[in-house]
Amino acid sequence: MNDCIGKRLDKLINESQDEVLKRVVGQILEQNGKARISQDWVRRCGDDFNLTAVELALRCLPVAACYASAPVSHFNVGAVAVGQSGAFYFGANQEFSGDAVQQTVHAEQSAVSHAWLAGEVALTDMVVNYTPCGHCRQFMNELNSADRLQIHLPHSRNNRLHSYLPDAFGPKDLNISRVLFDPQPHSFGFTHADPLVQAAADAAEQAYAPYSRALSGVALQVGTQSITGRYAENAAFNPSFLPLQCALNYRRLSGLSDVPVSRIVMAESQGGLSHRSITEQLAHSYLGLEIEYFAL
């Protein structure tokens, strides 16, 4: 686990008088920094402290914010996505100094992407320590649960997403019925002997790109492990989430941000656009690596 994240978590335990917070941090440390909590643990902790799932998620926000990386804004945002399964998926904002602001990962994007890669089928609630910005409201409007997603803040609970985004423009306006978190039945018939290349291609098959059809996936060699990310497109285009950010986010929230990345593989289908250039830019500026690119 990243030393900075570990120090922040230790500080929470040492300085907080909140026994719930201490229990959550203890569980995260026991998991070697993996920033997600199973539905069984959520239920047991809620029962022990007589808290609803949303009340518990609100108490988790300082823990989620420990995963933020904000060298530009110095403004740490934490989020907790509550899955239909009942599991919690933490998220936090991540900025990349020296690169374009468009490369930034927003906390809500982080939590949503975390849940998506972990195999969650839908989200019921988004809990965040600051009001979602317009970018994130539009991003969450792409979810298969957007019509019923509840937003909870420390000062305001039980608000539907669409109360923050009235008269919203989204996938339905473009006749898209299979949306983010729905199964994406793509198949390229691509096979490769290199497991990391195959992992990138497999990630691209699960990407969501109904507008451009430019499906893309990234695979990172992180020590002995591989971490993948996939593209999540948005009807408004600019809030789309890129595959390298998706993979880096999952690496950080899996407690592996201190393990060096030695290879980056990108696999992409031909569509109305390409993310090769912007991915190469971040790979070079943030990781000092060149990507290995494969056209599908």
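Placed from the backbone N, Cα and C atoms, the Cβ positions cover glycine too.
Swiss-Prot annotates C133, C136 as Zn(2+)-binding residues; of H106, H114, H162, the candidate listed for that same site is H106.
Put simply, C133 (Zn(2+) binding site) is 16 Å from E95 (substrate binding site) when counted between their Cα atoms.
When Cβ atoms from all protein chains are considered, those within 10 Å of E95 (substrate binding site) total 17, not counting its own.
Using a 10 angstroms CA-CA radius around C136 (Zn(2+) binding site), the recorded positions that qualify from N93, Q94, E108 are E108. Between the binding-site residues C133, C136, the minimum number of other C-beta atoms within 10 Å of a residue's C-beta occurs at C133. Classification of C133 (Zn(2+) binding site) by DSSP places it in coil, neither helical nor stranded. Other than the site residues H106, C133, C136, same-chain residues with C-beta atoms no more than 8 angstroms from the centre of those residues' C-beta atoms, the Zn(2+) site, are A107, E108, Q109, P132, G134, H135, R137, F139.
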